[in-house]
Amino acid sequence: MSESGIDGERRRFIAFALTPSLIVLFAVAVLPAIYLIVTSLTPFQLTTPGSATDFSEPLRNYGLLPGDPRFVNSLAVQAKLSVASVLFQVLLGMGLALLLNVPSRFVEFARTFFLIPMVLPPIVVAVIWKLIYAPDISPLYYAAQALHVTLPALTSSVDFALTSIVIADTWEWLPFTFLMVLAALQTIPDEYSEAALVDGASKLQIFWYVTLPFITPILVISGMFRLIDSVKAFPLIFLLTGGGPGTLTEVTNYYAYLLAFDTNEIGYSSAVTVVMLLLVCGISLGLVWMGQRKKALA
Amino acid sequence: MSESSLRKATPGRLVAITLTLMILLSPFLWLLQMSFKSNDQILQFPPPLIFTPTLENYISLWHSAFSASFVNSLLSASLSTALALLFGVPAAYALSRWAGRGKHALSFAILVTRMAPPIAFTIPFFLFYRWIGLLDTITGLVLVYTSFNLPLVIWMMQPFFDTIPVSLEEAALVDGARTRTVFTRIVLPMVTPGIAATAILCFLYAWNDFFFALILTRTNARTAPVAVVNFMNYEGWEWGKIAAGGSLVMAPVLIFSLAVRRYLVSGLTAGAVKG
């Protein structure tokens with residue numbers, strides 16, 4: 001067989017192997033995005049015939065957004081929820097990673113169990129916290145009762161509803177930041193901290209001047225990952241608070257869901273979703289940009 | 001002194017680690033113990049920590065509609081895993097051997113499918129399915145899960161193919177073998193562990209899904225995660241059954257996660273998601 005025969009045969013194989021996947025990726029990533037944008041330009045409601053192709057006022061939905069108090073509120077709720085839970089996840093994850101960063105068979109074995117909250121189905125995590133927050137059966141309320149403290153119904157209380165979501169979300173995703181930070185910690189050569197120790201540095205100084213600079217990039221990156229993901233928090237809010245009380249825990253994702261599948265405002269919901277997508281893309285691009293800068297610096 | 005005096009497994013530290021683990025896992029263990037309690041025991045005060053476990057919750061679940069949704073979950077998760085592997089593994093191989101601009105398009109696709117909020121896809125999928133009649137069908141779910149697992153397969157499998165020396169394939173090619181034969185007879189058998197790990201992760205992602213199943217199914221194709229939530233809404237507050245349902249939904253996940261814990265990290269950080 002001639003050289004070009006092998007090449008041609010190889011090229012055909014590669015084309016054959018790639019084409020189905022590329023078609024599927026196009027169909028699943030590109031087409032829905034186009035469709036979503038097109039729908040966001042219409043006043044589409046499932047109950048109003050012809051509204052799906054009504055482009056008479058294409059920017060109407062976007063014009064309504066700034067004046068929609070529920071939308072503006074949902075962005076604020078999202079910001080509060082994301083910032084609080086990401087902050088806790090990064091700080092606690094770092095603490096946990098520092099605690100478990102020891103060479104020991106037992107610790108290595110135990111590490112797997114620390115990952116459990118993250119691998120559980122998100123809806124099971126929501127069920128777990130539903131049981132913890134349900135006054136008649138919760139260990140939390142038993143404990144409070146034993147101490148003669150009266151706890152309010154946490155998930156329907158104005159003061160604690162958002163906090164209860166933050167706690168559950170932090171519990172679920174703490175293992176992620178823990179894993180990332182631990183991986184970074186294990187790349188730090190022991191010689192650095194040993195040298196600092198010989199020079200008389202305290203443990204706190206070693207953490208501050210040796211360890212922290214090493215793990216700062218990974219803290220930022222894992223925080224960004226969680227920030228992007230936090231926009232999707234759905235099962236927790238769906239099961240624990242339903243966006244309430246009032247709209248106190250109604251994040252943008254949940255508002256878009258209610259608009260589309262509760263009140264049938266598909267067009268308007270698409271516009272909300274497009275704005276959300278743009279925000280996520282912005283953060284993602286920031287992440288990619290930081291990754292490149294890190295590579296350039298290394 | 002070979003090991004840093006700062007990183008030593010002192011008894012104090014081991015105790016601290018054990019305590020932290022117990023606190024962290026207590027909400028999870030609470031669900032588990034509740035699934036083995038009768039409703040009377042659940043409502044008892046103070047909660048009995050030592051009790052005679054009962055399987056009544058699991059048995060009554062098995063005789064309810066929950067078993068059908070469990071089968072739906074199994075079917076949609078395994079079929080979509082098989083399809084995603086069928087498409088994705090050859091593509092990953094091709095990309096691994098043919099580095100080029102394809103890789104950038106791929107990372108973009110992963111970014112989009114993995115990072116975008118699922119609602120962005122559910123609206124188009126819902127309308128499309130309503131139009132062609134795929135709502136509330138296993139086929140519809142399989143299609144969604146396949147398409148979202150495909151980027152994951154390509155992402156996970158590429159490094160496995162990268163580790164196989166090209167010289168091995170070249171030798172066979174020189175002997176006159178066709179690329180297809182080289183792929184199926186030489187390359188594939190060498191990446192079996194990778195395929196197994198990837199398959200399990202795909203299965204888990206499909207199994208864990210709640211949002212797509214909530215919107216794209218009603219009764220016929222309802223999956224186990226949605227069924228658990230339905231207990232709460234329609235069958236009253238039967239805590240024991242809810243806890244047992246939750247435990248059943250998480251059982252395969254825990255078993256499989258232990259099996260692939262070595263690959264878990266890279267799989268979980270590929271776009272870092274759970275729908």
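Heads up, the Cβ atoms here are built off N, Cα and C, so glycines get one too.
Database features, via TrEMBL:
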- B:12-32: transmembrane segment (TRANSMEM)
- B:70-260: domain 'ABC transmembrane type-1' (DOMAIN)
- B:74-96: transmembrane segment (TRANSMEM)
- B:108-132: transmembrane segment (TRANSMEM)
- B:138-157: transmembrane segment (TRANSMEM)
- B:186-207: transmembrane segment (TRANSMEM)
- B:242-260: transmembrane segment (TRANSMEM)
Mind checking which residues reach the transmembrane segment (B:138-157)? Cβ under 8 Å, same chain, six or more beyond either end.
-> 72, 75-77, 79-81, 83-85, 87-89, 91-93, 95-96, 106, 109-110, 113-114, 121, 125, 129, 191, 194-195, 197-198, 201-202, 205-206, 209, 212-213, 216-217, 221, 223, 263, 266-267, 270-271, 275
Long-range environment of the transmembrane segment (B:74-96) - Cβ separation under 8 angstroms, sequence gap at least 6 | 102-103, 106, 138, 141-146, 149-150, 152-158, 160-162, 183, 187-188, 195, 198-199, 202-203, 206-207, 221, 223
Are there residues at least 6 beyond the ends of the transmembrane segment (B:12-32) whose Cβ is under 8 Å from a Cβ of it, and what are they?
-> 243, 246-247
